[in-house]
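**Q** Let me begin by handing over the structure; questions about it come next.
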């Protein structure tokens, strides 16, 4: 099949971006994301092998996917992750492989990942205060994350994007500090609205919600800039003369569904057409039976929803750490 194919959904949107969750396991226990006790260990046959994930990815690239992001859980806890990146990088028609991580293991893997073909990384980081970091992650080391950021910069996994979930009463006093990181560094900081999910429901309240207006009020020197990618969920701003950018991702107050270009593949082989929908398509079963999963995707892609319904209180049942954001 021609790897220059174009994959379109029922609304004429070009779908060219696949996010692969390689594991639902994580080495942190962030309060809004994962239970303190962790999650039950799953049987091996319930999780796709890296070879199976690669096979699905190759099939989707043949249909028109040209960008892949590897996520988790925490993807760097999955054994063989560097090998997966290396194999995917050989895939003709794939232009970019990126990875989202909490950064704890990044100092160990950054150089190998870069050599394997990874282009850049997004790092989840909600505070620059070591004590607050240990609290929100239930025991994590901010120092290790900062080491990972430095190593990623050193080997060229840039521009680095920091994903910061805004939580009222926790890190809203650090907005200016995060923005300051963009001035002299090739780092983009993206502030993300706290979204209501099962694990994070107790954190979800009006008092803890922070909209993008609050960020702009705290840093009035931010100037809006034109986005280079209309499918990006972020609206970007910059302090004049800064090397990096500031992004605002507002799934609650400002939908970005109109230009959605992405699919999500979970570690147990389910294809999600929309992050905020419980609808899933099983690809693991058909793949293991030797069926052509490309035909399944082509049949199902027309059912990708026009938009989410978060504002109506419709929240998905699957935990975010099982999807990869």
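If you go along the chain as it appears here, the first residue is 1 and each next one adds 1.
The backbone N, Cα and C atoms fix where each Cβ goes, glycine too.
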**Q** Could you look at 32, 109, 236, 237 and say which one Swiss-Prot places alongside 73, 124, 195 in the S-adenosyl-L-methionine site?
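**A** Swiss-Prot names 32 for this S-adenosyl-L-methionine site.
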**Q** Which of the binding-site residues 30, 124, 257 has its Cα nearest to the Cα of residue 69 (GTP binding site)?
**A** 124
**Q** How many Å separate the Cα atoms of residue 26 ([4Fe-4S] cluster 1 binding site) and residue 19 (GTP binding site)?
**A** 17
**Q** Using C-alpha atoms, which one of the binding-site residues 19, 30, 263 comes nearest to residue 195 (S-adenosyl-L-methionine binding site)?
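**A** The answer is 30.
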**Q** Relative to the Cα of residue 263 (GTP binding site), which of the binding-site residues 32, 33, 274 have a Cα no more than 10 Å away?
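**A** Correct set: 274.
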**Q** Cα of residue 73 (S-adenosyl-L-methionine binding site) to Cα of residue 260 ([4Fe-4S] cluster 2 binding site): how many Å, rounded?
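**A** Spelling it out, the Cα of residue 73 (S-adenosyl-L-methionine binding site) and the Cα of residue 260 ([4Fe-4S] cluster 2 binding site) are 22 Å apart.
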**Q** Going by DSSP, give the three-state secondary structure for residue 260 ([4Fe-4S] cluster 2 binding site).
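**A** Going by the DSSP assignment, residue 260 ([4Fe-4S] cluster 2 binding site) belongs to neither helix nor strand, so it counts as coil.
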